[in-house]
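Engineer: According to TrEMBL, the protein carries these features:
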SIGNAL    1-22  signal peptide
REGION    26-81  region 'Disordered'
COMPBIAS  39-64  compositional bias 'Low complexity'
COMPBIAS  70-79  compositional bias 'Pro residues'
TRANSMEM  172-189  transmembrane segment
TRANSMEM  196-214  transmembrane segment
TRANSMEM  220-239  transmembrane segment
TRANSMEM  251-272  transmembrane segment
TRANSMEM  339-359  transmembrane segment
TRANSMEM  366-386  transmembrane segment
TRANSMEM  454-474  transmembrane segment
TRANSMEM  507-526  transmembrane segment
COMPBIAS  578-594  compositional bias 'Low complexity'
REGION    578-611  region 'Disordered'
Amino acid sequence: MRWAAALIAAVVLLATAAAAPAQTTSTLTSAAPPPPLVKPAAVGSSGATSATTAPRSTPTATDPNALATPPSPSIPPPGHRLTARQATAIADAVAKIRKTVREHPGSYSTAYTKGATQWQVSYFSRGERIEIGQVTLDDLTGGVQEAWTGYQVPWTMARGYEGAFGRRVNAWYVWIPMCVLFVLPFVPWRRRPSWLHVDLLVLLSFSVSLAFFNDARIGLSAPLVYPPLLYLLLRMLIVARRGGRPEPLKLLVPVSWLAVALVFLVGFRVGLNVTNSNVIDVGYSGVIGANRLVEGESLYGTWPKDNAHGDTYGPVNYVAYIPFERVFGWSGRWDDLPAAHAAAVVFDLLTMAALFLLGRRIRGPSLGIVLAYVWAAFPFTLYVSNTNGNDALVSLLVVCTLLVAARPAARGALAVLAGLTKFAPLALAPLLARTPVDAIPAGEQAPRRGPRALLAYAAGFLVVGALAMLPVILEGNWRTFWDHTLGFQRDRGSPFSIWGLWGGLDTLQTAVQLAAIAFALALAFVPRRRTLIQVAAFGAAVLIALQLSLTYWFYLYIAWFFPLVMVALLGRYGEPAAGAGSSAAGAGPAASAEAGGGGNEQLLDPVGAQR
């Protein structure tokens, strides 16, 4: 156990420090990256389709990197030094381009001016006009700035542009301290490490994959996601099987210290979002959708060209952005988007608050503070906040579903709201159909289990689901809704999973998908009696199993299952207690239990304990 924890910690820290600030080796000079027309949590649509879309004929005032075809191949365009032929000759000399051209007989090149100071030479395959190579040149010096082949041509997000996702959050001096703060309260000072410590390090081990992703080494980043996902899936199944533990949760410091640290972490997260973050197209989609709903426009279909596939989410996602779009407005362009910033900050803070309330219900305010702290300290939730996407909204709704677990109708309503945000949480619906045995307050008379409870759950699910789907129902174009959401998600490819990167694994992927679906459906029936902690563990397992089968996976998705994992891992323990240098008298009931003073019965009584 000790060597496993030490090994994982060393790998996480070394790999993150080595690769996080690095730039892709394919980028030959430090050119300013183009606007990130990517969709990390949705589809990567803009980058994916750019290979087959003809460039615009004239630049626009809103796009300084717009492409334009020069009037003559042998005369420099106005304001340029090179001709199209000279730019093409320079690009033809790049080694990886020569190799790609040899592998595609009949391919041809086209040169474009890119803004005022650059050239882009694109190479297309014969017949289908698919872009297979791309070179960016500096007009003044004639130097090659970037050269791309393979999937890095259509997928600009695979190129490792510095800060394209979250800006400063990727800096080693931000990421590594966040990793330390995440595990520090649980450091086993003067005691043996436990599986909990390995679990925490495995959660951080996604940083290794992210470091390679930031370095444009997708061939390594994509496969490295699967070991931690598989480990966490297994651990959640084990936790769900074993349930609670009688001993207290041992912390290195008092919970009051974590409360103080939480205040500073919240300030840091909000400050970093305001001063050094960016809005990816996921957040942009929310603002556009909110505006279209308010203006009475069709929610699905005919979206702006700079976010043509932004209508890939459920209607709840766009409704959630309406207050922010009304307060902060939208200029009609992909600018700084203050509405998206505000939404991301609010979703983040509300998730912390929901985790505090859930922890307080399970074990008391101490666990609530610990759960809020781990969300605030986990670097991948900061990654979500700094990209200003909508994934914290998914986390918020999933946590709130557990928060109302004792009320079947409310549970069904929140379950469908979560599912109609990004669809994946719909897989939790069978699991959530049964009321946890320890969620009902003592002395409660109203029947919250059995057929009546199932009917109430179904009613809440269907009624609220129908209300949420009103934008689609009123339009009546279900085919458009399907094609732009689930159909689009089903058919897209990407290099960010082993299924899309390696190819040839269709049969295995289908088997994994069917297994994930069967697992989710089975949880409607077994186990018949489950605690809140078991529901959290099974819920995390369902979401992880689903993510294992996705062709398109991204690091923002970690936030979907992370709250459930932490509730399952930490909620099964007794009341948190500082483990280093604290006496049994000073640690309260938890310490009494640890000392064997008859406190175990008291620890097992609160909601969430395994009876």
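Note: Cβ is positioned from N, Cα and C throughout, glycine not excepted.
Computed from a predicted structure; not experimentally measured.
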Engineer: How many of the residues that make up the compositional bias 'Pro residues' (70-79) does DSSP mark as helix, as strand and as coil?
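Structural biologist: Within the compositional bias 'Pro residues' (70-79) the tally stands at 0 helix, 0 strand, 10 coil.
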Engineer: In terms of Cβ proximity under 8 Å, which residues at least six beyond the ends of the transmembrane segment (454-474) contact it?
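Structural biologist: For the transmembrane segment (454-474), the nonlocal Cβ contacts are 293, 299-300, 314-316, 318-319, 408-413, 415-417, 419-420, 429, 432-434, 481.
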Engineer: For the transmembrane segment (196-214), which partner among 220-239, 251-272, 339-359 gives the most CB pairs under 8 Å?
Structural biologist: 220-239
